[in-house]
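Notes for the one structure printed next.
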Amino acid sequence: MAHVRVRFAPSPTGFFHIGSARTALFNWLYARHTGGTFVLRIEDTDKERNSEAFLNVIYDSLRWLGMEWDEGPGKGGEFGPYRQSERDAVYREYLAKLTAAGRTYEKDGAIWFKLLGERYEVFDEHRKKTVTKVKTAPTVIEDRIRGRVERVEDEDFVIFRSDGNPVFHFVNVVDDIAMQITHVIRGEDHLSNTSKHVELFKAFGAPVPQFAHIPLILKQNGPGKMSKRDQGALIEEYQRRGYLSEALVNFLSLLGWNPGDDREKMPIAEIIRLFDLPGVNQSNARFDDKKLAHMNMAYLLELPADTFVQKARAFFESLGDNATAKAALAAEPAFFREVMLLSQPKIKGFEELPAYTAYFFTDEFATDAKVRDKVMGKGDPKARLRELIEALPGFDFSNDAAVEEGIKVLATKNALGFGDYQSVARLGVSGTNVGPSITGMFRVLGRERVRARLERLLNA
């Protein structure tokens, strides 16, 4: 196989979203799988909408996701510059080539690309004026995912607007030629443009790259393509919420690609080894935030203890004036560590930590009224609380198993179940019915804080 060169060409006109990240990922994976080159090219010709801030978001997001580019802004390369706003001389040079070949003309102040073929006039859809059509053979697109696609391109099209700026179709093709791109991997929504691009490649006498139009990512609920405005669409949001980039990359790789079996969680090295264009599906992929959350949870579970605690602390630091965050960061490091490790098996993301751990860092927490009514309305909860408080001095708080054994002994003694004591104990120490294991909560909080909290519930 000839050396593969792929490119990712985003526009810095908005925040970096899931669809763009998945397109970048498939290009990056294919380059890494084949030992090729991943080129980052910035399509920043829209002067009114471009933003350096959004450009930096693109750079930061790609790096956060681990998709370092081989050529492009900040890296250089023999085919630069890599920002379209800096390539006007290149576009003028290629325009001159087309003009010299008789393939352009001016109309209404714009420059048009002239298709080859017999011309004829037809009325437009309103039958008010005529439109020039061109008799051409269908343009054949050999797509690595869609197969053979034929489209009829029967109208000339603008390549330079009346304001003197080149249009997307022209700069896209010129840059792919100049940068020797061998494979164009992009969203299916670009398939309708591809016949124009093929005709331009042919007009320049350049080899047509291999095309691979990947499936769209659909909204989680309802029809249509996922857009920047949809919840969960922005990469920056996952960074802010404390998701692991490895989990997001793994999840994105499976949005439209199949490794050939039913595996879902895979290290990036394995994804690179397996990734190839024949494994990309034709059918669109539907975004599923619950699946992503479970994927993230699986990655969190695998983090070494020190790494998890370090990342948890960094997340709390990112919350600024959040009351729980301030209390957590002010706690003794050893206590903070114990609370975090107790929570690690239970959370799907770091964003859950403040609500999940708040009662560890303050004794002044609210009690969930619905949970209270449910727990305190079953049997004789006050009696169970008194029995539990009286038994605490005999509990070994040194480890979870010892605490569990103490509660079991108490339950057996009073002909009750472990859950009968667990429910009132959890309500007393946390004010809710969800959280880490009750035995772990007892161990981390310690005998005196547990006693004080249970007595507060008893006397409420």
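Each Cβ is built from the backbone N, Cα and C atoms, and glycine gets one as well.
Looking at 10-20, 142-152, 373-383, the stretch flagged in Swiss-Prot as motif ''HIGH' region' turns out to be 10-20. As stated in Swiss-Prot, the feature motif ''KMSKS' region' covers range 225-229 out of the listed 225-229, 230-234, 275-279.
Counting every protein chain shown, the number of other Cβ atoms lying within 10 Å of the Cβ of LYS228 (ATP binding site) is 14. Taking the motif ''KMSKS' region' (225-229) as a whole, pLDDT averages 82 in the prediction.
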